[in-house]
Structure formats: structure tokens, C-alpha cells
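The feature site 'Discriminates between blocked and unblocked aminoacyl-tRNA' is assigned by Swiss-Prot to 11, with sequence analysis given as support. Among the features that Swiss-Prot reports, tRNA binding site is placed at 16, 67, 69, 115, with the record citing sequence analysis. The active site, proton acceptor annotation in Swiss-Prot covers 21 and rests on sequence analysis. The site 'Stabilizes the basic form of H active site to accept a proton' feature in Swiss-Prot is assigned to 94; the stated evidence is sequence analysis.
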């Protein structure tokens, strides 16, 4: 049976529940709920864990309990416990440098300034792992200042307008992930990277 490991990045706790930075958590919770599977905390994995099957594939979903900046410790624990090849892992992560509603699937790359990805790269000692980046858009500029209010933006709650767009994004990502056992990865990459929120 094919095993697929999906790790969503975010921060644990009610305070961050609906924040833009928790896109990875929110998407995997959406996915797990679709298959009536609940998350349970596993201390040895430093994560909450959910598992279900689609056709001949086993999907294992993880929500690290380490907080965003230490995500790598959870990913390392998951890799070591299951003794898995990094090619089986997909990281789901927010990206403020992508417009809201855009999706980017990459097989490797730098952290792009994202602390969660930075931690994973440090712990795995490689940039060669797959990541699905979901755009949350850039924050509006602060009046009288040159810099964007990045922290407030990523930790801020998702608005109703944003949620309606992200619902479309989540459906597309999940539909694509469901095809991992029947379609070639290149097909999935093209499907996600060409997604247009205005046509769905």
C-alpha cells in the first residue's frame, strides 16, 4: 500500500486557530474531516495525527505541536519514527509572498523567509522536500512606515471574504492530493500551479 505523509504547518492553541499562519493546520483538518477521521496527539511524533485510506493509499496527516518556528523537530520525529523517504512527505504551508488564492507546488527550494520551512531545512539538512504553498497575500502598509506589518498580518485571523477564497483553494488542493495514487506527480503539480480562484 502506498503511504502518503502530509504535514501542515501552524501554531497550536485557540489563540492561533483561525490565523493566516495556520493555513497548513486548517487545510489538513478540512481533509481529515472529509474522511471522518479525528486527530489524536502523539507525543513521540510531537504532533497530532490522523490516518485514513483512499483506494490503495494510506494518508497520514500531522499537525506539529512545536509551534511554527520549531516545526523541524516534529518533521524530524515523524521521519525517524516511520523511517520514511523524504519523497513521501508533503509540507502544507502559508506564503505571504503569493497572492491570496494562489497555490505553488515545489519539490525543493529555500525557506523563502518562512520560519517553519527554515526549521525543517535545518533539521533535515536538506532543501529537497515537497511543499505546497498557499498564498495569503501581503499585508497592507502601515501608514507613515516603509515596512509592511508582516507579523500582525500572518498571525491575524482570516476574514470572511478570505475564507470564501480559501475554501476554493482547500477543495482544489484536497482533490489533487486525492489523485496522488492514480496520477503522476507532474500532473498534480500542473493542476495546483495553474489553479485560478476566479474560475472555480
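Every residue gets a Cβ built from N, Cα and C, even glycine.
Because the structure is a prediction, the values reported are computed rather than measured.
Where Swiss-Prot records a feature, it is marked here on the structure.
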| residue | record | DSSP class |
| --- | --- | --- |
| 11 | site 'Discriminates between blocked and unblocked aminoacyl-tRNA' | coil |
| 16 | tRNA binding site | helix |
| 21 | active site, proton acceptor | helix |
| 67 | tRNA binding site | coil |
| 94 | site 'Stabilizes the basic form of H active site to accept a proton' | strand |
| 115 | tRNA binding site | helix |
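Taking CA atoms as the reference points, residue 21 (active site, proton acceptor) and residue 115 (tRNA binding site) are 11 Å apart. Cβ neighbours of residue 69 (tRNA binding site) (same chain, under 8 Å, six or more residues apart in sequence): 115, 116, 119. Counting other C-beta atoms within 10 Å of each candidate's C-beta, the recorded positions 11, 115 are led by 11. Sitting within 8 Å of the Cβ centre of 16, 67, 69, 115, and not among those site residues for tRNA, are the Cβ atoms of 10, 11, 21, 66, 68, 70, 71, 116.
Counting Cβ atoms from all protein chains shown, residue 67 (tRNA binding site) has 17 others lying within 10 Å of its own Cβ. Around residue 16 (tRNA binding site), the C-beta neighbours below 8 angstroms that are at least 6 residues distant in the chain are 10, 22, 155.
The separation of residue 11 (site 'Discriminates between blocked and unblocked aminoacyl-tRNA') from residue 94 (site 'Stabilizes the basic form of H active site to accept a proton'), Cα to Cα, is 12 Å. Distance noted between the C-alpha atoms of residue 67 (tRNA binding site) and residue 11 (site 'Discriminates between blocked and unblocked aminoacyl-tRNA') is 5 Å. Neighbours of residue 94 (site 'Stabilizes the basic form of H active site to accept a proton'), defined as other CB atoms within 10 A of its CB across all chains, total 25. Pairwise Cα distances among 16, 67, 69, 115, the recorded tRNA-binding residues, top out at 16 Å.
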